[in-house]
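J.: Pasting the relevant annotations from TrEMBL:
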- 183-263: domain 'Wax synthase' (DOMAIN)
- 34-55: transmembrane segment (TRANSMEM)
- 86-103: transmembrane segment (TRANSMEM)
- 124-142: transmembrane segment (TRANSMEM)
- 148-168: transmembrane segment (TRANSMEM)
- 226-246: transmembrane segment (TRANSMEM)
- 258-276: transmembrane segment (TRANSMEM)
- 288-307: transmembrane segment (TRANSMEM)
Amino acid sequence: MAAGGDLRSLAAVVAATTACMAYARFAARRLRPGLPRLAALLPALAFLPFLPLAFRALHPRAISAFFLAWIAEFRLLLLAAGQGPLHPSLSLPAFVAIAVFPVTRREDPRKTKTASAAAARPGLGLAESAAMAALLAAIVSLEDRVSGYALLALYSLHVYLALELVLASSAAAARALLGVDLEPQFDRPYLSSSLRDFWGRRWNLAVSALLRDCVFLPVRVRLGGAVPLAVLAAFFVSGLMHEAMFSYITLQPPTGEALAFFALHGACAVAEGWWARQHERWPRPPRAVAAPMTVAFVGVTAFWLFFPPITRPGADKQVVAESEAMVAFVKDAAGWAAASARSILSRPPPLVG
């Protein structure tokens, strides 16, 4: 019953999102960038965050919240300022895809150091995607058999693999259907040599680019090049958005823990940058040492502040249950397809004559 309801909700959300973006595209065509365009876009900005609440299941609610209440909101704000990859001259399907998914126009000249470096590594191939999906299925099967820190470690891998697969698959579908380019997603975050490397160059790069364009650069310009304050502002906004994402997941009010997690990491990233500038001539630790230390710091602080708002109300149990149901469905579908193929191949050829 819930699945059927969510399928109807999906159709309604797609239709409502398309209508919102059609209005935003129309308004952007009629108004120049600035306050008039922002005022015209306010109805769409106010309406989009409510759409994910149409889903009863956690996974579609969380995924649609990320696409509609984060990516789409920030890109519409950039459109209001005449920046970003959205442009009213785009066709409506391309406008919707670029507003919602981590893709960009092929002719878009925006090329940052982060994007260029990550683009050197190709997106997920079929074999890599299959391997990640198999690993995710194995992790899901283990999550109800362990507890404590081992369970939290599995949750960390679950989050990384799920994000990698969801973002890459949605962007690949948009590229195949609309001819738009994928934005870089992840660039082997387990090799991060520092917190700045982890958050700025390797983890969820589509979000990093949005935070850079919407928060870091405007704050830095307004404060006369104050990079540390701009970094803190970007981490603060990221914390607020994660609080919102967690509320979509748990349907509970924000706890402040995700905000504290990102405020801590922002302060540590600023301190890390200050230390690097003050000790430029000091030798850097080798990646074999720096990467495990960085990942360990992220993991320990995530166990302390990031995961409790999800595990405390039991949302993690719902994630595991839905994931297990999804894995079982895929196995059953694969078994049915294999049986059907064997049945077809085992039939004797028709007699001719």
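Every residue gets a Cβ built from N, Cα and C, even glycine.
Situate these features within the shown structure.
T.: Sequence-distant neighbours of the transmembrane segment (34-55) (same chain, 6+ residues past either end, Cβ-Cβ under 8 Å): 6, 9-10, 12-13, 16-17, 20-21, 23-24, 27-28, 61-62, 64-65, 68-69, 72-73, 76-77, 79-82, 244, 248.
Only residues 6 or more beyond the boundaries of the transmembrane segment (226-246), in the same chain, are considered here, and those with a CB under 8 A from a CB of the stretch are 49, 62, 65-66, 69-70, 199, 207, 211-212, 214-217, 219-220, 252, 254-256, 258-263, 265-267, 269-270, 273-274, 309-310.
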J.: Are there at least 3 C-beta pairs under 8 angstroms linking the transmembrane segment (148-168) and the transmembrane segment (258-276), leaving out pairs fewer than 6 apart in sequence?
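T.: These two stretches do not touch.
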J.: Should the transmembrane segment (124-142) and the transmembrane segment (148-168) be scored as in contact, given a threshold of at least 3 Cβ pairs under 8 Å and pairs 6 or more apart?
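T.: Since 3 or more Cβ pairs under 8 Å link them, the transmembrane segment (124-142) and the transmembrane segment (148-168) do come into contact.
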J.: What same-chain residues lie close to the transmembrane segment (148-168): Cβ under 8 Å, and 6 or more beyond its ends?
T.: 63, 102, 123-124, 129, 132-133, 135-136, 139-140, 142, 182, 185-186, 189, 204, 206, 299, 302-303, 307, 311, 316, 319, 323
